[in-house]
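Residues or ranges marked as active site in Swiss-Prot (evidence: sequence analysis): Cys436. Taken from Swiss-Prot, the feature Zn(2+) 2 binding site applies to Cys383, Cys386, His391, Cys396. Annotated compositional bias 'Low complexity' per Swiss-Prot: 37-50, 197-213, in sequence order. Residues or ranges marked as compositional bias 'Acidic residues' in Swiss-Prot: 122-132. The compositional bias 'Pro residues' feature in Swiss-Prot is assigned to 185-196. Per Swiss-Prot, transmembrane segment is recorded for 503-523, and the stated evidence type is sequence analysis.
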Amino acid sequence: MGEEQSTVSGGGGPQESQTLASGTAGHPEPPRPQGDSARAPPLRAASAEPSGGGCGSDWGCADTSAPEPARSLGPPGWSKSRAPAQPAGLALTGPLNPQTLPLQLELEEEEEEAGDRKEGGDEQQEAPPGEELEPRTRVGAADGLVLDVLGQRRPSLAKRQVFCSVYCVESDLPEAPASEQLSPPASPPGAPPVLNPPSTRSSFPSPRLSLPTDSLSPDGGSIELEFYLAPEPFSMPSLLGAPPYSGLGGVGDPYVPLMVLMCRVCLEDKPIKPLPCCKKAVCEECLKVYLSAQVQLGQVEIKCPITECFEFLEETTVVYNLTHEDSIKYKYFLELGRIDSSTKPCPQCKHFTTFKKKGHIPTPSRSESKYKIQCPTCQFVWCFKCHSPWHEGVNCKEYKKGDKLLRHWASEIEHGQRNAQKCPKCKIHIQRTEGCDHMTCSQCNTNFCYRCGERYRQLRFFGDHTSNLSIFGCKYRYLPERPHLRRLVRGSVCAGKLFIAPLIMVLGLALGAIAVVIGLFVFPIYCLCKKQRKRSRTGMHW
């Protein structure tokens with residue numbers, strides 16, 4: 001390291017020459033401003049010898065024959081001759097942690113005050129008339145250094161400025177183009193030049209932010225801090241680009257703005273995204289419950305929960321509002337509905353298998369064995385023809401006869417109802433847990449009666465399945481123990497309606513025609529009579 005000379009002027013007194021060492025290569029000590037433009041209160045070097053009768057220090061004087069050993073101004077190993085000379089009135093302590101800076105300052109002040117009282121006694125410095133004594137203050141910088149500002153006589157109207165730079169370390173920020181780079185702010189007159197350290201992340205300076213810090217100036221002066229902060233962070237939409245669900249809309253689109261609307265299901269005001277099909281308001285909780293119930297029923301094409309809307313919800317909207325387990329079931333039902341008759345899932349693990357027919361003519365012994373399938377995933381052996389576990393030595397027709405046991409169990413009455421009821425269309429057994437007799441098959445959407453197993457039918461003027469005298473009525477609603485009489489009564493009512501209805505219609509038409517003909521003759525006569533009566537009344541009055 002090279003050495004350089006620094007001269008400190010102390011209010012017109014003799015100049016003192018000190019030797020200093022540059023602290024960091026490539027960052028020399030900035031020169032102090034000279035002349036009238038940089039006038040500052042007279043400062044004295046901490047190591048200046050006392051002149052006259054006093055020691056010339058604000059810390060009190062002890063024995064002048066035994067001067068106080070100078071504190072180390074730098075890291076261990078620095079000598080007094082190698083220590084950098086500081087401006088008069090400023091003492092530089094060792095590097096401190098910025099996070100624990102206030103605590104370290106308080107501890108250091110207490111130690112120094114205790115040492116001063118011990119060595120110098122209770123001597124105090126008095127200020128001459130017309131001047132005030134500046135209290136001893138400290139200003140911390142972000143680079144870990146502390147500036148001790150010693151008390152000094154100065155006019156009360158003097159203004160002191162301390163310029164420091166704070167650098168914020170950036171991480172993972174893209175470099176700005178040359179046209180958008182900001183130039184560093186110009187230093188005010190009388191201030192030392194600001195040396196920016198080399199940056200490894202970004203080559204452009206951060207925008208300038210000047211903040212008033214009057215709390216750092218206890219003497220009424222102003223301390224200006226120039227902060228070089230990082231540029232503003234990038235917004236998430238600009239980094240992410242176009243949203244991945246921008247085409248969904250409605251509840252399935254997380255980028256649609258929320259609006260406080262009343263849910264059509266629970267009738268509560270909530271932040272709701274309108275449905276994409278009918279733009280109606282359904283809250284997320286109600287929609288998730290509805291979709292989960294539909295998936296549990298095996299529905300693939302799920303209708304809109306709004307009764308006025310007859311459209312089906314989009315697949316993306318359904319998947320977005322389902323849980324992980326329900327989403328797996330829904331995707332399985334989708335695949336099951338898209339396949340043809342040559343592809344079936346495994347009864348155990350739901351792995352899809354495609355059956356390829358061979359060109360040879362099957363023999364009676366091999367006609368059934370060709371449908372034997374072994375699942376490559378779970379090694380389960382099953383029959384592709386009847387979609388059941390493999391039945392060795394038994395054909396599919398005989399194996400299906402085993403369903404008689406199931407039908408017998410389903411027809412048994414327990415707790416006042418059947419154990420199960422078979423759908424009249426797809427022939428699957430359905431067990432009711434609660435509710436009325438009107439059932440809807442989850443496989444084929446057929447409406448049937450759980451009590452009798454017949455479809456729900458209705459015809460205007462002839463009644464529906466709940467009518468006692470209708471031919472479409474349930475057999476358990478009218479004379480369940482006398483089926484022949486029930487059929488006779490219902491048949492007679494139906495025949496009577498068939499024959500009486502036309503007669504009533506013809507009679508009604510005839511009466512209507514007669515009324516029209518009579519009206520054509522009676523209405524003009526009535527009008528003439530009424531007019532003649534008015535004339536007769538007016539003649540009698542005159």
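We count from 1, first residue shown onward.
Any Cβ shown, glycine's included, is placed from N, Cα and C.
Here the features listed in Swiss-Prot are painted onto the structure.
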residue: Cys383; record: Zn(2+) 2 binding site; contacts (Cβ under 8 Å, 6+ apart): Tyr371, Lys372, Ile373, Pro389, Trp390, His391, Cys396, Tyr399
residue: Cys386; record: Zn(2+) 2 binding site; contacts (Cβ under 8 Å, 6+ apart): Cys396, Tyr399, Lys400
residue: Cys436; record: active site; contacts (Cβ under 8 Å, 6+ apart): none
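Classification of Cys396 (Zn(2+) 2 binding site) by DSSP places it within a helix. Listed binding-site residues: His391, Cys396; maximum Cβ neighbour count within 10 Å falls on His391. Proximity of distant same-chain residues to the transmembrane segment (503-523), defined by a Cβ-Cβ separation under 8 Å and at least 6 residues beyond the stretch ends, is recorded for none. Secondary structure from DSSP puts His391 (Zn(2+) 2 binding site) in coil.
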